[in-house]
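Notes for the one structure printed next.
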């Protein structure tokens, strides 16, 4: 399985995301923001960082990168896409996910190991977890406060589209403690904390992050076995 | 040359922590009668020729503002 990892100008965590994909057992394929060719990848990760310097709004300019035009089309066709941190912001700006990520309510950058509760194991990126499972992965953001109107929040709750919530402390003021959400089809997931930083005992607080990468491989293997 | 000014503001229901921080600092200047501060963004765009306001609105809606959290206004500016 080939997992593509996009590099925008200003991406920081593309290397770690590619490494996490490899540790999970995938072939990591580096994708360049200026190249609209997705090189036959089976899934895409939009990594953390500060694409285009976070100018205007986080993710606002990355959304118009040539590679994003292809990813937006492919995501609407079912391609699994995981946006981490800045990648989550890009997915919201691209309208693949609802809501927006705004300045942390306390205005401070937060960088710490964060407990999450997995709320939905029904996405291609979270099927390896069980609903209610508590996991520990690093969070590091300045603009991670998820906001949406009440109707959208209620819809996300009702449709089981909140993938993970912050527990034991909300690091940024996100509404309803939202840390990760998915689209209606469950193939696009945005997560503010960084699963790619929790895949090895040497550098991470846990190995919990690996579950996101093994989940998509399992989903892809299942899709292949099912002849889809 | 023609100039358009686009003002982008957070929607009233979206919390503006930056504005709040400024409001909280004002008493240190001896200003005690401010009830609210909200911070937005002003964008000036200069066109070579005539201004097409429909295009400006599209630019503002698609790129300059995020309609999920922000409102914008478009004004044609006088250029000396």
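The first residue you see is number 1, and the count goes up from there.
The backbone N, Cα and C atoms fix where each Cβ goes, glycine too.
Because TrEMBL annotations are produced automatically, they should be read as predictions rather than curated entries.
Marked as active site, nucleophile by TrEMBL: A:85. Listed in sequence order, A:13, A:47, A:48, A:49, A:140, A:141, A:144, A:191, A:192, A:193, A:194 are the same-chain residues at least 6 apart in sequence whose CB falls under 8 Å from the CB of residue A:85 (active site, nucleophile).
Here TrEMBL flags A:194 (among others) as active site. Other Cβ atoms within 10 Å of the Cβ of residue A:194 (active site), summed over all protein chains shown, number 24.
Contacts of residue A:196 (active site) defined by a Cβ separation under 8 A and a same-chain sequence distance of 6+ are given as A:13, A:16, A:17, A:19, A:20, A:45, A:47, A:48, A:84, A:209, A:213, in order along the sequence. The active site feature in TrEMBL is assigned to A:196 (among others).
Residue A:85 (active site, nucleophile) falls within neither a helix nor a strand when secondary structure is assigned with DSSP, and so counts as coil.
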